[in-house]
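Visitor: Got a structure here, written out as structure tokens. Questions coming.
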């Protein structure tokens, strides 16, 4: 493994229809990835893909915070647990789950309920927490401080400023194992706040991701994103951290192996 995409959606269109094309590129650049669920249906697809390509893909299963009002809580909890029990060896994380206050705060209590349910599943089964946090970093800091997870926590699509980075880094003082997954946003010219934050985040806490098919990095902005475009994220992170690209690749792969590919 030379590259790792910690968070992609090969289980979603338009990637799913052209997955063989992407898998060929996985092999070409020696890439592995997490295929991330956002609801029960595409979590099941993520598992099927991980079973079909076990040397390249792991599945993460969960309910996105923006979808919590669309599903039945008890039924979803039961089905998530069943999906996990029947496919444990192919699943790396619970998620993406978390809090999203960007569009509305109407479903805060429901997001809390689904967070606690998925948090418990991850902790009980010793799985990584793949967190989606948008406009809710004070909330996640408070809840992680209170719950003190024993399993690693990934801040998916971390694109915040240095102040939020410092606050989240302080969770290390509570012996919480945290990682910052950096998306293609880092390649954007207007991402200076993220660049400054990256400078203070230790490399041993970094992962790379695409969140494909969204958040396409430069030089492909405006087009569909693919997991193989993670190479552009890694090279940009290396430049910002003033580390050779080969060394940055080695560090990120080491972090990924620690979490997912033992």
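Note that Cβ sites are derived from N, Cα and C of the backbone, with glycine treated the same way.
Computed from a predicted structure; not experimentally measured.
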Visitor: Can you find which of 69, 129, 132 Swiss-Prot lists as binding divalent metal cation 2 at the same site as 96, 156?
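Guide: Swiss-Prot names 132 for this divalent metal cation 2 site.
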Visitor: What is the interatomic distance between the Cα atoms of residue 211 (divalent metal cation 1 binding site) and residue 156 (divalent metal cation 2 binding site), given in whole Å?
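Guide: Cα of residue 211 (divalent metal cation 1 binding site) to Cα of residue 156 (divalent metal cation 2 binding site) measures 9 Å after rounding.
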Visitor: How big is the gap, in Å, between the Cα of residue 156 (divalent metal cation 2 binding site) and that of residue 7 (divalent metal cation 1 binding site), rounded to a whole number?
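Guide: Roughly 7 Å, rounded to the nearest whole number.
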